[in-house]
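Feature annotation from TrEMBL assigns region 'Disordered' to 13-92. Under the heading compositional bias 'Low complexity', TrEMBL lists 55-74. Residues or ranges marked as domain 'S-adenosyl-L-homocysteine hydrolase NAD binding' in TrEMBL: 281-442. Residues or ranges marked as NAD(+) binding site in TrEMBL: GLY312, ASP313, VAL314, GLY315, LYS316, GLY317, GLU333, ASN436.
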Amino acid sequence: MMNNLADTVVVDPGFGGGDKQQLAVVPPQDASVVVPPPPTKQSSALKKTSRYRSRSLSASSTDSFSSASYTGSSEDGDDVPPREKVQKNTKGSSDFCVRNIAAQHAFGRREIEIAEQEMPGIMALRKRAAEDKPLKDAKIVGCTHINAQTAVLIETLVELGASVRWAACNIYSTQNEVAAALAESNIPIFAWRGETEEDFWWCIDRCVNAENWQPNMILDDGGDATHLMLKKYPTMFKLVKGIVEESVTGVHRLYQLSKAGKLTVPAMNVNDSVTKTKFDNLYSCKESILDSLKRSTDVMFGGKQVVVCGYGDVGKGCAQALKGQGCIVYITEIDPICALQASMDGFRVVKLNEVIRNVDIVVTATGNKNVVVREHMDKMKSGCIVSNMGHSNTEIDVNGLRTPDLNWEKVRSQVDHIIWPEGKYIILLAEGRLVNLSCSSIPSFAVSITSATQALALIELFNAPPGRYKSDVYLLPKKMDEYVASLHLPTFDAHLTELSDEQAKYMGLNKAGPFKPNYYRY
């Protein structure tokens with residue numbers, strides 16, 4: 001073990017400077033108590049079952065962006081905690097911790113195979129680079145959502161020569177069957193759906209601190225693996241060659257570290273790459289918002305009044321999709337540029353209080369906190385659907401609903417009725433977490449774009465000569481963005497026009513690209 005590298009003091013992995021607490025030692029407050037469902041209506045304080053155990057609001061364990069799958073297939077009714085099980089795969093390895101490898105790995109493998117068919121870019125990259133092994137000797141700690149699509153990325157990294165250890169960045173988004181399939185393939189994976197906060201940090205720690213294995217790369221979604229290693233294993237962290245981060249929260253954390261002079265390794269911000277923001281955020285959310293709302297509530301969209309909070313790429317996709325289904329869509333915005341875009345796109349820009357009493361559906365997509373608070377929810381009409389598509393689970397003030405005067409009634413997986421004393425209720429989806437991660441599937445094709453971007457960023461940082469990247473945060477080179485896009489064009493039988501020598505000279509471009517300056521806004 002790498003005990004010689006570990007600090008003796010372990011602090012709570014939160015980037016705020018508040019009071020320090022022991023990491024992964026104290027479980028959530030009522031996690032040890034499972035209260036059976038009551039026979040009659042009671043207050044929310046008594047009505048919560050084990051599914052309502054309080055959890056620390058780790059910025060990434062309870063939120064984060066990227067891909068996931070519909071949750072129904074991951075519900076297996078197994079109440080034995082995975083950490084208490086003794087499991088081995090068919091090869092005899094026990095270097096993993098999943099829900100149920102024996103019962104689920106075959107189904108998970110089929111899920112991965114289906115995803116591969118709709119992920120042409122990452123599969124093309126796997127085929128082109130497999131012989132060269134550009135990630136040979138790379139030892140990657142991964143902390144992302146674990147589902148069929150990210151499994152394709154994980155197995156691609158292995159095909160390209162990397163040794164990996166993986167944990168989940170979200171306690172609710174893991175597909176148990178996919179995690180089992182990866183474990184069966186001898187990939188050390190530590191994740192299951194419904195982890196406690198203590199489980200969450202334990203899983204990441206098992207990936208970072210392994211016997212005869214020292215990580216030299218980090219692929220993060222939310223910054224938790226980066227932060228744990230920095231705080232608990234600072235000596236080990238200094239040996240890392242690079243970090244690749246794909247989430248808003250994780251990138252924000254990296255910039256904070258860089259500004260404070262605490263970032264000692266180079267990091268690649270793929271969240272702000274063109275291929276991530278335009279295709280994963282816009283097109284993926286445009287499809288998955290409808291899927292998640294329909295699957296969880298069976299709602300008919302035509303004629304419904306909807307307010308979308310935020311008109312960034314995610315908000316644009318949601319608003320356009322809902323408008324296309326016949327919804328009357330309102331937009332709230334703080335940015336005058338985004339507000340003007342929404343107005344020019346035919347949406348009415350309002351303050352939330354102006355429409356909150358009349359809307360049928362609320363969708364948050366800002367990445368901010370307390371966008372929808374108790375005061376707003378008190379004014380909502382009965383049956384209003386409240387959901388979040390933004391990065392952070394703090395957009396909806398769910399804690400403001402956990403009061404003795406309100407009753408929580410579980411309707412189905414990730415769907416709760418919050419009932420007021422007078423009988424009014426609202427429909428809260430995924431307890432305010434990302435609704436497309438928790439209640440639906442998202443397009444594998446969009447994830448292929450993001451996955452290819454992540455893989456190329458890892459290859460670039462790992463193989464970069466000394467001195468090319470300093471201890472700072474970098475954007476993905478434009479040439480790589482264009483290459484990721486080109487990998488996906490054959491799917492559409494798209495044929496690029498080539499510049500002539502005269503045209504290239506006239507425009508001052510290389511015929512092979514990049515074709516746009518870094519400041520260009522697509």
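Any Cβ shown, glycine's included, is placed from N, Cα and C.
Features as recorded by TrEMBL, highlighted on the structure.
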residue	record	Cβ contacts under 8 Å, 6 or more apart
GLY312	NAD(+) binding site	ASN281, CYS338, ALA365, THR366, GLY367
ASP313	NAD(+) binding site	THR277, LYS278, ASN281, LEU282, CYS285
VAL314	NAD(+) binding site	ASN281, LEU282, CYS285, ALA365, MET389, GLY390
GLY315	NAD(+) binding site	VAL308, CYS309, ILE331, CYS338, VAL363, ALA365, THR366, MET389
LYS316	NAD(+) binding site	LEU282, GLN341, ASP345
GLY317	NAD(+) binding site	ASN281, LEU282, TYR283, SER284, CYS285, LYS286, GLU287, ILE289
GLU333	NAD(+) binding site	GLY310, TYR311, ALA339, ALA342, VAL349
Mean of the pLDDT scores, which run from 0 to 100, over the domain 'S-adenosyl-L-homocysteine hydrolase NAD binding' (281-442): 94
